[in-house]
């Protein structure tokens, strides 16, 4: 499948099933804790500066944001998790919204699960990964902010992340940087492989 990534736009924001686009265009969901670099990942992948708004206020994305890419693929930006200043009620609401999408959406082909390469995965990161494995949803694990760590230490950080998550070798692991575009091609290859299956 040839995709013109320049032909991308935000399509709609949805709070529940009734708002999802009604068609069979494949979707890739993007999940990760607040401030992991999800918006930067989307903007880098689509070669745009601010298609996905990078928010200085974590926890701002409270809906599922659907991005249309060339009418052939969609990215679905899932609300960032693990942000402490959001009330328990809000967190529970997000949880239900995310769970409903991930477990019932037939268009979903895989989840890009983003973690910060600099830090050991949080309890929320582990829970998200276990959730995806439990529901047998294909995972592309993307470790962001690779430019913040010397190249010589990448392997050490990668191993620590894989160990903490009990990483399944059948899943894809990609080191990524929105600053120097490390992992850009590998991410597209992994996504298109899932979409074309």
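From the backbone N, Cα and C atoms, a Cβ is placed for every residue, glycine too.
Now, the feature entries from Swiss-Prot:
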type	residues	note
BINDING	32-39, 59-63, 77-80, 144-147, 176-178	GTP binding site
BINDING	39, 61	Mg(2+) binding site
DOMAIN	24-197	domain 'EngB-type G'
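If you take the C-beta of residue 63 (GTP binding site) and look for same-chain residues 6 or more apart in sequence within under 8 angstroms, you find 13, 14, 15, 79, 97. Note: the Cα of residue 145 (GTP binding site) and the Cα of residue 39 (Mg(2+) binding site) are spaced 13 Å from each other. Neighbour counts were taken at the CB atom with a 10 A radius for the binding-site residues 35, 39; the maximum falls on 39.
All chains included, 26 other C-beta atoms sit within 10 angstroms of the C-beta of residue 38 (GTP binding site). Residue 39 (Mg(2+) binding site) sits 13 Å from residue 176 (GTP binding site), taking the CA atoms of both as reference points. Averaged across the domain 'EngB-type G' (24-197), the predicted model reaches a pLDDT of 90.
Neighbour density for residue 32 (GTP binding site): within 10 A of its CB lie 25 other CB atoms from the protein chains shown.
Within the group of binding-site residues (79, 145, 176), the Cβ with the highest number of other Cβ atoms inside 10 Å belongs to 176. Under DSSP, residue 39 (Mg(2+) binding site) is assigned to a helix (H, G or I) in the three-state scheme.
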